[in-house]
Amino acid sequence: MVIRKEKKSCGQVVEEWKEFVWNPRTHQFMGRTGTSWAFILLFYLVFYGFLTAMFTLTMWVMLQTVSDHTPKYQDRLATPGLMIRPKTENLDVIVNISDTESWDQHVQKLNKFLEPYNDSIQAQKNDVCRPGRYYEQPDNGVLNYPKRACQFNRTQLGDCSGIGDPTHYGYSTGQPCVFIKMNRVINFYAGANQSMNVTCAGKRDEDAENLGSFVMFPANGNIDLMYFPYYGKKFHVNYTQPLVAVKFLNVTPNVEVNVECRINAANIATDDERDKFAGRVAFKLRINKT
Amino acid sequence: MVGGFSILLWVGAILCWIAYGIEYSNDPSSSLDNVYLGAVLALVVVLTGIFAYYQEAKSTNIMASFSKMIPQQALVIRDAEKKTIPSEQLVVGDIVEIKGGDQIPADIRLLSSQGCKVDNSSLTGESEPQSRSCDFTHDNPLETKNIGFYSTTCLEGTATGMVINTGDRTVIGQIASLASGVGNEKTPIAIEIEHFVHIVAGVAVSLGIIFFIIAVSMKYPVLYSIIFLIGIIVANVPEGLLATVTVTLSLTAKRMAKKNCLVKNLEAVETLGSTSIICSDKTGTLTQNRMTVAHLWFDNQIFMADTSEDHSNQIFDQSSGTWASLSKILTLCNRAEFKPGQESLPIMKKTVVGDASETALLKFSEVILGNVMEIRKRNRKVAEIPFNSTNKFQLSIHETDDPNDRRFLMVMKGAPERILEKCSTIMINGQEQPLDESTAKAFHTAYMELGGLGERVLGFCHLYLPADEFPETYSFDIDTMNFPTSSLCFVGLLSMIDPPRSTVPDAVTKCRSAGIKVIMVTGDHPITAKAIARSVGIISANSETVEDIAKRLNIAVEQVNKWDAKAAVVTGMELKDMSPEQLDELLANHSEIVFARTSPQQKLIIVEGCQRLGAVVAVTGDGVNDSPALKKADIGIAMGIAGSDAAKNAADMVLLDDNFASIVTGVEEGRLIFDNLKKTIAYTLTKNIAELCPFLIYIIVGLPLPIGTITILFIDLGTDIIPSVALAYEKAESDIMNRKPRHKKKDRLVNKPLALYSYLHIGLMQSLGAFVVYFTVYTQAGFRPSTLIGLRLEWEKDDVNDLEDSYGQEWTRYQRQYLEWTGYTAFFVAIMVQQIADLIIRKTRRNSIFQQGLFRNKVIWVGIASQIIIALILSYGLGSITALNFTMLRAQYWFVAVPYAILIWVYDEMRKLFIRLYPGGWWDKNMYY
């Protein structure tokens, strides 16, 4: 097995490269002549043009298979998740009472978040619905008829509405409000025609002790059926997501408290092992007092 | 084996671990994917290594079974006592005794000898037994008669000798060390694989760096960009290819072993395919290695005998009375005998006690006359003079089986001219006639003609002793020769040759059409060598040597223009006087060359000459002396039957049946494997793009990751393995034995068109097809393509549990994760489906699939079935095991990529069509890989 290896000097290598880049004898640039380059570029232009067209066509065909107002498959969203506001990093609600800046960002976020819930806006855009039953709006033959939404007034949030509130949702006094919301899922009849509510508790026993008492708005953490079903953002433009506000009144300061809120509804399981946010939400609460 | 490849994988594995280290230092909870990937890469290298080792160990075992590992003993006289000691304990100056059947334990100088004959064939290539005596006859130790060489065998007689060299200092030992000194360098396939690794690594690193720059300029943190860089490099590593190549090579090795080529070194499988010159031995390789009666001359006529392997068909005229006499001489004047206990074997296979010529005569007469032993029994032998080199004849006297004839019959055979001298009459058509000028001339013409064919000619004569002078009771004395040995009756001539194997001429023709030059290298006489070369086609019927031209034109040899002759017969003596330049010139300018009377050492010179011309040289050899040449050759081929252990050790391949035709089969397999490896690599490289693109798009466009690392591994080491091996079973597209041998520098395994076509054509189509499936899955679940763009950051945040899709629905992290895995599965299935199309198109490179036959290679379909089954198991069987990131995929998603699979097939058929339509054209040059 013999290969005679000719060692090339450095200069030769450079020379070879030079010749590869531009070969003056054959007028080749990078191993191809001008015409050859033209040919190959033209070929790739046509070829890739064709592929782009093909891709576009198949994507277009694919997009024809889905409708504008409901997704084709919703099996992944059988159990809606819960989420809190303010949306904080790692869902840690940390409030340093003395340090205004630590909670001011939360307050800013909440102000912005609750703005659409202002009674005036709600009154202007949304209907007053009959509580306790679903607000169903069948198309009645008119394809994709725009849907109306029910009012959820900010004042319903009581002490947590933040209207004329000098305590800034309680953040300045160490009695913060956390808002619970349930993920929107199109055509989902939450509660299966029975009333449902959100409950919160400390995750472990010591958490429960440290958590202290809290109040919920609307009372009992109720979510009314009239906010369901959701018809999708395209046709249910002014849909207002129902909220439950929890105001923690006397959290033991300087301790991290694990809080878990879950929804009690007939058709929402809250015990999914893999999805920790299915029908529930866990967050940390810490009030730092000096 | 395939070293560069393993290194590539090792580098990949280490990069993976580095990437994990970086991730871990940032975020201790980062996923372990990279660790797994690294581990799998390392495992692949190790397992493939073990497999290759096992394969080679298996052939080594077969090798080991050749050599009988009996420790050699020597009978030595020490302290005035005869002792038996292991031969490695001999020292210089020891006196050893040897007898017939012993192997000589060291180089010895003979002190006494009684009829000692040795077989030096393993050393000098000379197959005749050599007599040894105490006389110094030549300056050259190899030629002088008073030296016995280590490892040669003493055939008969006894001798005493003094040890002059032991171990590595013996003549054989020096050759062996010369052989081990010749470096064992890279095989052509190893070079090709290295070249391929360079390409892959080049693509990987440059892509990696480009995207590193892009990532950095897109304001990704540098650390992340480094992880991307590593990810891209690792994604380019074809994990499964090392295993595939190894398995493919060993499959071929197995197939070759079935055809009597035992491959010791897996890579040598392909080397044989790129061979451009075969330097072949004559005896045993091109010929049957047994003397066989080829021609007869009696009644003034030359008859041809059948020399094929089974001798069945002796059609010459057997009615003449002369033949009756001749056949009697043949059977009676012959000392050779069949070994007992072989009644069931065909005659040609029986072993015979006796020398080569007598064996030939015995078998010849046995075939024609039937039971020779019985005839001999009926014609009792009363006296005999065995053949010796001074008499140059052999004589025996028999009673005849004719009860009415009380005369003794004296039969004699020997060198024709000696026999003729003793004759006064000649038998023509069964009648004795006086031997006159004209018949003597006829004899000479026939003798010259048969000699000119390179055959060994024997003359036969007989005499019925007159009954009155030699009554039944007469006692013959062979020492005083009390019987006449002149005025005999000449009966006929018979010539013998070691005939070519019947398959060889075909094989040589095949070599020629395959552009392989066959050079014969033999120790035999030039005339014999040339005759055999002509009969097997190494020198073709219409080509002439310088001598032939000289004879035809009736001019002196020196006047002939050397370059007019296509063929050349060069003797060892001429070769000795040649400068390397002259040898190069000779090798380059003659297409048909025979080297005769060469010593095994000169084989090395010839091999080196061929290699200087840039040829890939295959060399056959059997003797110990051949081992340097075998080592030096690109592929050394040892003879399994006649070969010495040293030759087998030095060789890369062993021909189990010693048959030249098997080499040609090997060449065919070797070429096929090269073509099929090309296909395998093209197949494997293609999906690399489809695996890489998602990652690039993920970085640049910010889509949720389309396919995960573990999923990619399941393609590379799961669904794709059996199909890529299946390509090794693909039959040749065109007659691969009709094209020139591969040019080492120009015909690369992985060339530019192959890489471009795989990466930028098929690979890209696959990526597009897979992306369509990916988008389908996401869109139908609620995330339209427009939403997905730039979604990556939010998508991957664990604390975002209300990510909005295109319809305003909100998704928790786990819900998204599950969708992402469904995306992986869909992407995986899409690649799998398109790889089926890729597999089918890779069956051929030029011909249409329909020409090749869609169903001829059944293994391909096994491969396709395996792909589908593995994918089904992963998706539905393991769908609930989330660690592997597979989910149950909706049935219709399996078919989304089918249009792209069809497109791939159609596009490739089009490519092949244009290649066939415009050979040598622009399309052919750019598209044929």
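Placement of Cβ uses the backbone N, Cα and C atoms for every residue, glycine included.
Annotation source TrEMBL lists signal peptide at B:1-21. Sequence-distant contacts of the signal peptide (B:1-21), counting only residues of its own chain at least 6 positions beyond either end whose CB sits under 8 Å from a CB of the stretch, comprise 30, 32, 34-35, 37-39, 41-42, 44-45, 48-49, 52, 56, 189-190, 193-194, 197-198, 200-201, 226-227, 230-231, 233-234, 237, 239, 241-242, 245-246, 266-267.
The annotation transmembrane segment is assigned in TrEMBL to B:37-54 (among others).
Summarising the annotation, TrEMBL assigns domain 'P-type ATPase A' to B:68-179.
TrEMBL lists B:196-216 (among others) with the feature transmembrane segment.
For B:222-249 (among others), the entry in TrEMBL reads transmembrane segment. Long-range neighbours of the transmembrane segment (B:222-249) within the same chain, counting only residues 6 or more positions beyond its ends whose Cβ lies under 8 Å from a Cβ of the stretch, are 1-2, 5-6, 8-9, 12, 15-16, 18-19, 22-23, 26, 37, 40-41, 44-45, 47-48, 51-52, 55, 189, 193, 200-201, 203-205, 207-209, 211-212, 215-216, 266-267, 269-270, 673, 676-677, 680-681, 684-685, 688, 691-692, 695-696, 699, 709, 712-713, 716-717, 720-721, 724-725, 727-728.
Sequence annotations record features per position, and here TrEMBL assigns domain 'Cation-transporting P-type ATPase C-terminal' to B:704-914.
Residues 199, 203, 678, 681-682, 685-690, 693-694, 697, 706-707, 785, 788, 819, 822-823, 826-827, 829-831, 833-835, 838, 841, 893, 896-897, 899-901, 903-904, 907-908, 911, 926-927, 929 of the same chain lie 6+ residues outside the transmembrane segment (B:754-777) yet bring a C-beta within less than 8 angstroms of a C-beta in it. Sequence annotations record features per position, and here TrEMBL assigns transmembrane segment to B:754-777 (among others).
As annotated by TrEMBL, transmembrane segment applies to B:860-879 (among others).
As annotated by TrEMBL, transmembrane segment applies to B:891-907 (among others). Within the chain carrying the transmembrane segment (B:891-907), a Cβ under 8 angstroms from the stretch's Cβ atoms is held by residues 761-762, 765-766, 768-770, 772-773, 776-777, 826, 829-831, 833-834, 836-838, 840-841, 849, all 6 or more beyond its ends.
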Distal contacts, the transmembrane segment (B:196-216) - CB-CB under 8 A, six or more residues away: 4-5, 7-8, 222, 224-226, 228-230, 232-233, 235-238, 681, 685, 692, 696, 699-700, 749-750, 755, 759
Overall pLDDT of the domain 'P-type ATPase A' (B:68-179), taken as the mean: 81
Within the domain 'P-type ATPase A' (B:68-179), residues counted as helix, strand or coil by DSSP: 19 helix, 49 strand, 44 coil
